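Undergrad: Structure in structure tokens, see below.
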Amino acid sequence: MECDRCGREAVIHVAYSGAHLCGTHLRQSVDRRVRRRIRSDGLLPDTATPEDPVTWLIGLSGGKDSAVLTHILADTFGDDPRVELIALSIHEGIAGYRDESLSAAESLVEDRPVEYVSTSYEREFDLRMDEVAEADPWDMAPCAYCGVFRRDILSAVATEYDADLLLTGHNLDDEAETALMNIFEGDVAQMAQHYDASLAPLEAREADSPFVPRAKPLRDVPESEIALYARLSDIPAHIAECPHSSESFRGTVQELLLELEADHPGTRHSIMSGYEELAKLAATQKRRGEHGPAGVCEECGAPTDGDRCRACELQAALE
Ligand code: SF4
């Protein structure tokens, strides 16, 4: 099969668009979609200048998605004096899984203009995910605990470094899974939160929100294209499945989505285009009903809508 653009050997057939692409044109296509998303979400404001640059904190797990995100951001903005890049890695305490991906993260940033910081659940919360999954005090999937702890650390470090934006490597598959999970669970509040926290253009976010805004520049790119991009570009990335991932509801939705996409190419894109409209409506509705700003956690001072943040509630349950 030949590349539609240059006639060289194709490395991928993109079923949802019908395109055959060689390695060079696949990488160009991914770069273009990521840069377009950064522009359309208004992630680099006009107010950013060399004298007053913005700080972007990248969640770098060392897996292929966050590694490709870090690579593209370093390639695009590494020499741009309006942007300072910091990558943060978090060790969850999962035996046989995270050590290798953090080594990959370290070698990725070694020769790129990105500051690197790392921490762990053990350092921040005095616990390891393997122990949490074993204890399971609230009878939940491991990812439900893990997501809360990770979000808490990302927010705290973003605040510590005075970051203007927190960027994560969520891809199109991840976002379509989240959309389906919210729909299957009938969780309209979560849809609104998803839109407000990471899908809305930056200028449409609440200016007085205590949370550092989040962004997902890879959210238009399917996981398979990111994996190929990482391999073709020799990006150091650790490709392995977390031993706790199959226990989650997300794992079930992931399998369903893969089947749907194989039978009906383009399903992920259609889900996201309709879901974004729905989530925006839910967010608008939620704002109309809201009174007053979010409070702070009485334990740790993190922003929260209740008396205690979710991370402190979970830690208390694990004591
Ligand atoms: Fe944590 Fe779940 Fe991701 Fe494993 S798959 S690292 S438990 S969120």
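Cβ from N, Cα, C; glycine included.
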Undergrad: Where TrEMBL shows GLY59, LEU60, SER61, ASP65, GLY169, ASP174 binding ATP, which of ILE38, ILE90, ILE183 is named for the same site?
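TA: Candidate in the recorded ATP site: ILE90.
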Undergrad: ILE90 (ATP binding site) to CYS312 (Zn(2+) 2 binding site): how many Å between their Cα atoms?
TA: 18
Undergrad: Between the Cα atoms of CYS22 (Zn(2+) 1 binding site) and ASP65 (ATP binding site), what distance do you get, rounded to the nearest Å?
TA: 20
Undergrad: Which ones in the same chain are close to CYS3 (Zn(2+) 1 binding site), with CB under 8 Å and 6+ residues apart in sequence?
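TA: Non-local contacts for CYS3 (Zn(2+) 1 binding site): GLU9, ALA10, HIS20, LEU21, CYS22, HIS25.
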Undergrad: Look at each of the binding-site residues, ILE90, CYS297, CYS300, and point out the one with the fewest other Cβ atoms around it within 10 Å.
TA: CYS300
